[in-house]
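In what follows, a structure is listed as structure tokens, so that the remarks can point back to it.
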Amino acid sequence: MSFNSFGRVFRFTTWGESHGPALGAVVDGCPPGLPLTEADIQPWLDKRRPGTSRFTTQRQEPDQVRILSGVFEGRTTGTPISLMIENVDQRSKDYSEVAAAYRPGHADYAYDAKYGFRDYRGGGRSSARETAARVAAGAVARAVIPEVRIRAYLVELGGDAIDRTAFDDAQIDTNPFFCPDAAAAQRWEGIVDNARKSGSSVGAIVECVAEGVPAGWGAPLYAKLDSELASAMMSINAVKGVEIGDGFDAARLSGEQNADPMRPGNDGRPIFLANHAGGIAGGIATGQPIVLRVALKPTSSILTPVETIDREGQAAEIRTKGRHDPCVGIRAAPVVEAMMALVLADQKLLHCAQIGV
Ligand SMILES: Cc1cc2nc3c(=O)[nH]c(=O)nc-3n(C[C@H](O)[C@H](O)[C@H](O)COP(=O)(O)O)c2cc1C
């Protein structure tokens, strides 16, 4: 009923708030004997960390992870792995306006409507600080699926899309936007700068590709790999849409255009001539790359005044000060990767549980 856990066999629970002393995750169901150290987890957290460029929030969090349990002499023991990240740069005074009135688009009103009481400092549990814990858990998941390579990058920001013909994998880690198109990354600097200077914010679309997923992972019907992934991605803060493969565009194609034609391969496995399905058919992986996109809304905490109501239900106006991401989609890319890893690790173990390999 409290919904702080995700996964079936490889299951994790996150805990903590934006302005508490620390946050973290407990990962249960991880197989024993896998090499795992804090140094394996830290690089993924560093990718999501705030304050690394002028295009993200200026909150300075080192996001140093500590493994508190479940690992002995650099290997997982098969017992719960507890991961902790300290919060060191909280400024609760920044949030006095959020205590009194609700930020439209944020979770403030909905949390009060449900719980009648909320930790308003930095959004409390609804803050995307929580996603640091997912990224740490995702690093553990990667140890379970070494055969899979996962990549997430931005394909659109503020309505400005990349040029697919200029797609360069090597560009993704060389600019602050996880953008595979160098010219688009240049344009996006101006878009984000303008948004921030004008007290506004912009949305983004993150694409994620997982290569090396064997045909057979996944399940039919009520646990379709599509639905597991959609659920995982929609659970990320500010995500308002998920597409798998061609997604909504598939509805505009004919049957023959949308087919992924198959030819015989050398090892008995098919060669696919297209991947409109995004690597999943019938809820089960086909062995093609898994491809999905998530749409992230613009940050709701903005300096531009917005009409709202206060806690007494009276008309009010809110300008959200404090430190915020002008485009939450940028730092969401590592979170999308983590959720992909967490779902696939779970699917691998579920597949082993039913099929035995
Ligand atoms: C990486 C990341 C960073 C975010 N940073 C902010 C932020 O600085 N300010 C803000 O208002 N929302 C931020 N958000 C979005 C809010 O957490 C989210 O909108 C809020 O919890 C309400 O949930 P919902 O948008 O999913 O409905 C961020 C989201 C992500 C994924």
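One is the number of the first residue shown, and numbering goes on along the chain from there.
Heads up, the Cβ atoms here are built off N, Cα and C, so glycines get one too.
Here is what TrEMBL says about this protein:
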{"type": "BINDING", "residues": "Arg48, Arg54", "note": "NADP(+) binding site"}
{"type": "BINDING", "residues": "Arg125, Ser126, Ser127, Asn237, Ala238, Gly282, Lys297, Pro298, Thr299, Ser300, Ser301, Arg323", "note": "FMN binding site"}
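Location within the structure of each feature annotated in TrEMBL.
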residue	record	Cβ neighbours (10 Å)
Arg48	NADP(+) binding site	25
Arg54	NADP(+) binding site	12
Arg125	FMN binding site	19
Ser127	FMN binding site	19
Ala238	FMN binding site	22
Lys297	FMN binding site	17
Thr299	FMN binding site	25
Ser301	FMN binding site	26
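For the pair Ser127 (FMN binding site) and Arg48 (NADP(+) binding site), the Cα-Cα distance reads 14 Å.
Between the farthest pair of Cα atoms in the FMN binding residues (Arg125, Ser126, Ser127, Asn237, Ala238, Gly282, Lys297, Pro298, Thr299, Ser300, Ser301, Arg323), the distance is 44 Å. DSSP assigns Arg125 (FMN binding site) to a helix. Only Ala238, Thr299, Ser301, of the binding-site residues Arg48, Arg54, Ala238, Thr299, Ser301, place a Cβ under 6 Å from an atom of ligand 1.
With respect to their backbone Cα atoms, Ala238 (FMN binding site) and Arg54 (NADP(+) binding site) stand 20 Å from each other.
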